[in-house]
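Q: This is the feature table in TrEMBL:
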type	residues	note
BINDING	148, 149, 150, 151, 152, 153, 154, 155	ATP binding site
DOMAIN	140-339	domain 'AAA+ ATPase'
């Protein structure tokens, strides 16, 4: 192992000098002697000097401190020993539960599976959330993005998906907290404990591993923590389950992929790269591709990923969310307009899409109902201008019917969440897909035209709507 010395410190970026014939390779991990600070080589500047990014605070470091080259990239613990534990970007435990007992250590920089190894699945993953199951269904082994501006419910939607999928899912889950609030990470950990997904008495019974690089941490941590979480998920996918003899089906949750991009922007500026559009790093598409191409399903196992994507200033054409769009199988777009009407989840039924929305994949009935719902909502959107200028009375009887049905559909797309019970007091509802299809089919065919639209708000199944309407009728009488 070669050793060098620090010659320059600029924030999170450090230049380290080595002998010319012992220069570390790109992505090699360096250790600052006498500290716990790990550096990752990003550039070779010549004359034996390498430019590195610190994985942690650079407080207390100074020039001429000795640095040792480990000769290998950053490695994190992988395997069943990570389950139930909270780790940082380097795989060190931060939950005060003792050291992590790993099956192995894997480098966080890995090749994506070759095209021949990849597999495509058309199997649907039921979420129990009506608007998602109906209009932007998820594929098992697919990639899903939750897009939204600040405060429209990305994290709450992700928590509900974890609650509905991970708790019913027999496989394992990995949660990567990338540059988000520490409070949310803390809440998530305690919720997982209450749900029994994290078992602190016996970690081997846990089903989720957690890796955090939160927003109070330096950019190096936030840039690499997504790769650390992904590496743990890849291990579960690629190694055989001792019971079944096959690779596992893994769920990977990333909150928030935008912070990964933002950390890359910070690092890129410190490394002296010329910024591109809107100040982002010139390597934005490449960095996103390196991460996303590894999140895939192979012949042995699958990774189904759900990624929250912050949309700056609600602008979906911003380079960061626009680059992410290209890699996803389903996009769930959260709208501030819908949230302002008090309809939660605030999913935009016309902007959200899925590659699975195909009659050959989901069946004719589901496809026709989904397109029928979108048709009614699109027509209502077109009629809104006329209503605003001339009022409802100027519409034809047919258009009035469309408006009434659209308003019922809008309200019926709302749903009480299990994870929001503590705020709303309303018990959460899980709605099976077949019930969702049957309910919306009945609404667009006019079976429930006589029910008041208020009865459709925050209901689970259509039976609840009918019961609510009866109750409203009797109380009015």
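Cβ coordinates are placed from backbone N, Cα and C, and glycine is handled just like the others.
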Q: By a simple count, how many Cβ atoms lie within 10 Å of the Cβ of residue 149 (ATP binding site), its own Cβ left out?
A: 17
Q: Where does residue 155 (ATP binding site) sit in the DSSP three-state scheme?
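A: DSSP assigns residue 155 (ATP binding site) to helix.
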Q: Name them in sequence order: residues not among 148, 149, 150, 151, 152, 153, 154, 155 whose Cβ is within 8 Å of the mean position of the Cβ atoms defining the ATP site.
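A: Sorted by sequence, the hits are 310, 334, 339.
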Q: What is the average pLDDT across the domain 'AAA+ ATPase' (140-339)?
A: 89
Q: By the count of other Cβ atoms within 10 Å, pick out the sparsest of the binding-site residues 148, 151, 153.
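A: Result for the binding-site residues 148, 151, 153: minimum number of other Cβ atoms within 10 Å at 151.
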Q: Return the residues near residue 155 (ATP binding site) by Cβ distance under 8 Å, restricted to its own chain and a separation of at least 6 in sequence.
A: 180, 184, 255, 308
Q: For the binding-site residues 150, 152, which one has the sparsest Cβ surroundings, going by other Cβ atoms within 10 Å?
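A: 150, out of the binding-site residues 150, 152, has the fewest neighbouring Cβ atoms within 10 Å.
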